[in-house]
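Please read the structure below before turning to the comments.
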Amino acid sequence: MDGLSIGPILLTGFITTLATLAAWPVTRDSRLFHFLMLAMYSGQIGLFSSRDLLLFFIMWELELIPVYLLISVWGGKKRLYSATKFILYTAGSSVFLLLGVLGIGLYASNEPTLNFETSANQSYPVALEIIFYIGFLIAFAVKSPIIPFHTWLPDTHGEAHYSTCMLLAGILLKMGAYGLVRINMEFLPRAHSIFAPWLMIVGTIQIIYAASASPGQRNLKKRIAYSSVSHMGFIIIGIGSLSDMGLNGAFLQIISHGFIGAALFFLAGTSYDRIRLVYLDEMGGMAVPVPKIFTTFSILSMASLALPGMSGFVAELIVFFGIITSQKFFLIQKILITFVMAIGTILTPIYSLSMLRQMFYGYKFFNAPNSYFFDSGPRELFISISIFLPVIGIGLYPDFVFSLSVDKDLLFYKMPCRHSDSNRDALALLPKSSVSTDFTIAACSKS
């Protein structure tokens with residue numbers, strides 16, 4: 001583990017433990033279900049902790065098999081369609097990841113060089129670097145997901161069991177963002193500086209598009225899935241901002257959305273267990289029969305819409321500051337990006353609060369003759385509170401997350417030299433995380 005991977009690894013262990021506890025009601029082939037969840041956990045931990053490109057690719061692929069089986073066996077009515085769509089998108093994009101891994105490993109060497117440190121210090125022609133960057137970007141864009149490669153996500157979330165959704169929203173989406181930072185930024189810095197403005201544009205479009213599409217979703221889990229796509233846009237913008245603060249914000253948003261996304265899908269699943277309804281226009285009046293679910297759902301929905309004092313607010317605010325303080329973009333570009341992002345943050349409460357209104361307010365269930373439902377039990381309350389505590393903790397003291405990435409061993413990484421007009425490489429003294437505060441340019445040398 002290093003400063004960049006320790007956060008996702010701790011998040012993976014935490015969410016997987018709670019998802020296992022959330023899968024308690026699964027009685028059909030429960031041993032196989034839990035085995036597949038742990039196999040998925042192994043692939044995710046292996047990916048976040050790998051220091052070798054081939055191992056990175058193997059873990060990337062290993063994680064797909066359990067997800068496919070979890071969706072196709074324990075999913076909803078359209079589970080086979082959703083599982084097939086998931087595997088076609090993700091396995092198809094993995095071809096680009098494999099080509100990029102082989103290209104970097106075999107370039108200018110008689111023997112494959114797949115070690116991260118060696119590859120990070122390797123110099124490539126700019127044209128080849130761009131080709132590698134595009135290949136990795138396609139693979140990570142599908143997993144993140146970045147539009148237009150996002151269409152598998154709502155279908156998958158709409159049909160998967162809610163404990164599987166917790167792992168998908170909490171961890172799986174973060175693998176793509178982790179790959180963008182770990183490989184695209186560290187191995188291909190010049191190509192990243194070229195593509196960074198386009199990443200920011202795509203991330204901004206993604207925030208607006210997904211936030212606009214979410215209110216049109218009748219299915220509760222699909223609406224939450226589109227909110228996940230919208231929030232991932234902030235991560236893409238933070239990565240493309242080419243500033244330390246923007247990268248800090250992206251890292252914090254990875255952790256924050258891991259908690260909030262998992263919590264919302266868990267609460268959506270527990271609501272379905274009570275009323276056996278998935279369409280929002282058929283719900284209403286749930287606040288009276290299930291007040292505990294209503295309270296936890298409302299609090300965590302407020303966290304999703306970035307209420308001050310919660311983790312989502314701090315993460316998005318730091319991304320905003322990262323854009324404003326970036327030295328790589330003109331003032332008019334920063335104003336436009338910030339303005340459009342602000343519109344996205346205004347749209348978020350619209351779909352979030354309307355979801356709460358459709359589910360919990362009104363008189364539909366309250367006036368029904370059989371309107372009594374069991375409220376959250378101790379196990380479900382424990383899961384909800386376990387997720388809520390880090391959300392409020394990070395919101396009040398975000399420095400705890402950043403402290404994970406400091407005091408680690410230092411490595412030398414190539415970064416584009418900001419002090420030269422010509423095409424030069426620089427050695428930047430960075431923590432392994434690349435998520436520390438300020439970095440110091442150690443030297444500039446001609447390529």
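Cβ atoms here come from the backbone N, Cα and C positions, even for glycine.
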Legend entry - Among ranges 224-243, 304-323, whichever one TrEMBL labels transmembrane segment: 224-243
Inset, instruction - For the transmembrane segment (165-183) and the transmembrane segment (130-153), decide whether they are in contact, meaning at least 3 CB pairs lie under 8 A, counting pairs 6 or more apart in sequence. - result: yes
Inset, instruction - Six or more residues out from either end of the transmembrane segment (381-406), which same-chain residues have a Cβ under 8 Å from its Cβ atoms? - result: 3-4, 6-7, 10, 14, 18, 21-22, 248, 251-252, 255-256, 259-260, 262-263, 266-267, 292, 296, 299-300, 303, 308-315, 318, 431, 433, 435-437
Inset, instruction - Count, for each of 86-110, 224-243, 336-361, the Cβ pairs lying under 8 Å from the transmembrane segment (195-212), and report the range with the highest count. - result: 224-243
Legend entry - Stretch among 86-110, 130-153, 224-243, 249-267, 336-361 sharing the most Cβ pairs under 8 Å with the transmembrane segment (6-24): 249-267
Inset, instruction - Go through 86-110, 130-153, 224-243, 249-267 and flag the stretch with the largest number of C-beta pairs under 8 Å relative to the transmembrane segment (336-361). - result: 224-243
